[in-house]
Amino acid sequence: MGPEMRLTRICCCCCLLYQLGFLSHGTTSGLQLTPDLEEWEVVFPALWRRESLNATGLSGGSSDPGSGRSSGGGGRGQASGSSREVRSVARAPQEEATRGQSEPWFGSPLEPGAEDEEELESQELPRGSSGDTALSSGTPASWQPPLPPQRPSSPPPAQQEEPSAEEVLLRIPALSRDLYLLLRRDGRFLAQRFAVEQWPKPGPDPTRATADPGSSLLPDASCFYTGTVLRHPGSLASFSTCGGGLMGFIQLNEDFLFIEPFNDTMAIIGHPHRLYRQKRSTEEKVTENSAVHRHHCGVISDKGRPRSKKIADNRREKRYSYKLSQEYNIETVVVADPAMVSYHGADAARRFILTILNMVFNLFQHKSLGVQVNLRVLKLILLHETPADLYIGHHGEKMLESFCKWQHEEFGRRNDVHLEMSTSWGEDIAAVDAAILITRKDFCVHKDEPCDTVGIAYLNGMCSEKRKCIIAEDNGLNLAFTIAHEMGHNMGINHDNDHPSCADGLHIMSGEWIKGQNLGDVSWSRCSKEDLERFLRSKASSCLLHTDPQSLSSVLVPSKLPGMAYTADEQCQILFGPLASFCQEMQHVICTGLWCKVEGEAECRTKLDPPMDGTDCDPGKWCKAGECTRRTPAPEHLAGEWSPWSSCSRSCSSGVSSRERKCPGLGSEARDCNGPRKQYRICENPPCPAGLPGFRDWQCQAYSVRTSYPKHALQWQAVFDEEKPCALFCSPVGKEQPVLLSEKVMDGTSCGYQGLDICANGRCQKAGCDGLLGSLAREDHCGVCNGNGKSCKVIKGDFNHTRGAGYVEVLVIPAGARRIKVVEEKPAHSFLALRDASKQSINSDWKIEHSGAFSLAGTTVHYLRRGLWEKISAKGPTTTPLHLLVLLFQDQNYGLHYEYTVPSDPLPDNQSSKEPGPLFMWTHAGWGDCNATCGGGERKTMVSCTKIMSKNISLVDNKKCKDLTKPEPQIRKCNEQPCQTRWMMTEWTTCSRTCGKGVQSRQVACTQQLENGTLIRAWERDCLGPKPATVQRCEGQDCMTVWEAGVWSECSVKCGKGVRHRTVRCTNPRKKCVLSTRPREAEDCEDYSKCYVWRVGDWSKCSITCGKGMQSRVIQCMHKITGRHGNECFSSEKPAAYRPCHLQPCNEKINVNTITSPRLAALTFKCLGDQWPVYCRVIREKNLCQDMRWYQRCCETCRDFYAQKLQQKS
């Protein structure tokens, strides 16, 4: 290859150096390293060429007078600064000339040794040769690159193909080694007619301003770079150099390196950069808890149809007729709110946002996504004022809805996706597929207050007119991952945590990613790929197949910890503004989270992020990786002998045993041997007795006993923190105020409420389902150790309820269920409730529990409530059915998602599942009347027994709930308007007698309530109604032995000896009367009050032989026992002495011989008076006087009878 060709490549490389901004006017700048740190301050790294090195340049070269340099293989000579410092590439002409005469660039060959190694590390080493190199107009000076000396850490061998002039090789010392980044220019994320607008235009004419050609607001597409780290397959790098500095990230295995300038000037001269690392913790257990990602990421589903995330992983998908295309393009509009523009400045905000979008573009280029998805930025809008019809506030859902409506009005007018659209952007801007709002506003999804949410988007909203919207909060370079994550949601990709088969990984759509902590890799999970393909096969993705043609070239292209440069106060000012300072009250936990106090506010605030590594925590210590560690590094040493295994950390249940080793000869400062210093193993003990508190709770209670406040003893309970599973957080009972009491729980403590992993020395040690520490054996979602997940099936569904109040049954989870998870789709003023067959429950009987673990249906159920959001989970298996209910308080749109697994094999016939029986529970059926009409009264709820069966609720007899604890009625104040006057009474005093009847009293006064609520005494005549009683009767019930006897009954006989009875009962409330003192219930008696009775004789014969006659009998009053006559019988009880009798009719033939005329009878019969005076009156009335026999016995009465007859005839 001739000198001319080499010179051409050198010129291209030199131009690139200038564009990257690695030039300075004689300013000393470079890398500064400290061996014990993994954080770097980068002024500019060295640039390499990828092609083969000139063998002749490895040992020296010829002098080039034109360049003012002499060829050589040595160092810089008397360069000032650190031996690892990198000088500016370009110098002023005067300095260049001086240096060319007095200071040769390369002197004598380097001497071997450490000095040689350090000097080589700081050289710029692109390949080149001697010759003149002219920079474009405006460059400070011409420059020729030096030849790279031979060294072990030289770049890899040359590639066979001819390299492109747009390629650069960037060397960055990090992670205790040199990283070589092969970068190519890549501005494909900018659309052909990309424009930057400021709304309104700054200045006297406040209209929309589009940047003119050549304006500083328009980006140069050549300052965006994409590439990889050589010798590291799967790595990714994305950078921007638009402002003269270097900004972007490197992903290398499990490490993330972020690079950005220390300030926002991004000047052309060299200046410090911040390079910091975020690494995924290999010891952190990734759980299925979706509360974490829901806390930081808001996903709004369709209001009219179920969310697409509720899709079983193993089901057979519907085969769509749409075939996947090879490439999809997302035409995007990006809007920066006024707070964002004001915070960064218009120019810096533009550079920062475009750098972020370049990173987002590269995240979607990852091969794990399965299809090529290109981000095309059509327009960047910088808002200096908030439009009148756009809401920007704390309420995230409201802001998302407002932004979608606003962007539709501004950018949504189009005729057809194939046609060009005519708007204020230009004449041929393509249709908008997505709109992104970047804000500095701290928002929350469902409430109007700040919280930790950093992104929100509509699920499956892309291409939709009013749902293709994303809002992301500015959180530094992590903003790129937030936007990529939320754009994934907008394209129908659910959280990995929502898929059981993908919940254990850390990919872009996992819950951990959105927080910007514990980053995994930049790949997309298998579930994300399937969700995206499902969306792309649907009609909803049709807009992604049409794009504006891309006309831009599509060419691929520390010495100090940051906490040493920024104090805790300065870090708080970066997060919360210039009035913020570090909260001194939280000094003891500074490394776990940076707490700041803003002037004028009473409480400290935090964003849950730890301070920068290097921040002072204690004397002689600094924060590093979230822990307060010593500044002086410990020396390495040789391995020593292991100690015997220690005793088990627990006396019951599972614990850990450990052994240690020390390295001889290094004293107390020895830290680690070659290999682990401490080893652990699981030790098993008998199960802990029932009723003992959990191990974490016991540690919290033990702490409270050690405090100097006895009143707080036994008042602490453990609170589990998912971010620090092996730290001891405790909270007062009944309050949600967790306090970090210890950075390490005791060895043997479980890492969480579920799982087998155990904490040892403050770290979560993995344990397999086979009970072995370090084992990789895991249960599948069916609960089978090392199973294949095919022995069960997943049951999932949604519950939506819009009206009603009280308890509503959602479903009955059958016995044998595992992996139970119930999650509210959004926070609501309602409560989840569970009840099993043994009446154990959570949130039943109108009693709301705090977050914690509960034993129901033979398993441990974990109830989590954060604000208004709730979640219930259980590992299972359940032994009895579980009733899932919702306690609704008011009409609202309420929704929740549930899922669990059940065995695939059907149950045996004798174990066939039966329809669960009805569920009875006490409920508050309504409110009673107020007990006062004014002045403040109370109304109570009416507690009734409720039957729940097949989601139907009905009121039943209270006897059905007799075995349940009846809740106290709820009390609500009512009629609180003041009264003019009213009677006020004190409580009744205790009864004057503790046993038996007594009296009790109270004070009664007439009072008047003033406007300020004060009560004063008034005249009794001013109060309405009679004065309430001041004394009342009472009966003491505290009697040790009180028998109460009833009245004796009458004697069982009325004449003679008999028995009488009475009732006897114990009146003691506790029924503890002494039997020996029990009165008699029966006794003998005598009664002679009814000894005289009427005695009757036999009836006589009938008085006649024919016709009507009479019969009589003797009646006498006689004594029952003695037989004596008396007159003590009751006349009302005397029986009848006579009765009529009837014989055959008399012969009507008259015998004159037998007829005696009454007159003759009266004349011939000497009447001596009536013989039967009692009966004669009856004989006369019965017309029997004509019978001589009766006449003779009653002659006197019959004579008068005949006399009257004769008178009547005469």
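Keep in mind that glycine also has a Cβ here, set from the backbone N, Cα and C atoms.
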I want to verify the bond table. Which candidate from Cys463, Cys469, Cys617, Cys623 sits on the other end of the disulfide that Swiss-Prot records for Cys543?
Cys463
Taking Cys683 as one end of a disulfide recorded in Swiss-Prot, give the other end from among Cys648, Cys652, Cys663, Cys726.
Cys648
Of Cys652, Cys663, Cys673, Cys726, which cysteine does Swiss-Prot list as the disulfide partner of Cys688?
Cys652
239-246, 295-302, 423-430, 535-542 - the one Swiss-Prot records as motif 'Cysteine switch':
295-302
Disulfide-wise, see what Swiss-Prot says Cys404 is paired with, picking from Cys444, Cys451, Cys469.
Cys469
Bond partner of Cys1006 - disulfide, per Swiss-Prot - picked from Cys991, Cys995, Cys1023:
Cys1023
In the domain 'TSP type-1 3' (979-1040), how many residues does DSSP assign to helix, to strand and to coil?
3 helix, 27 strand, 32 coil
Tell me the residue counts in helix, strand and coil for the domain 'TSP type-1 4' (1042-1086), as DSSP assigns them.
3 helix, 17 strand, 25 coil
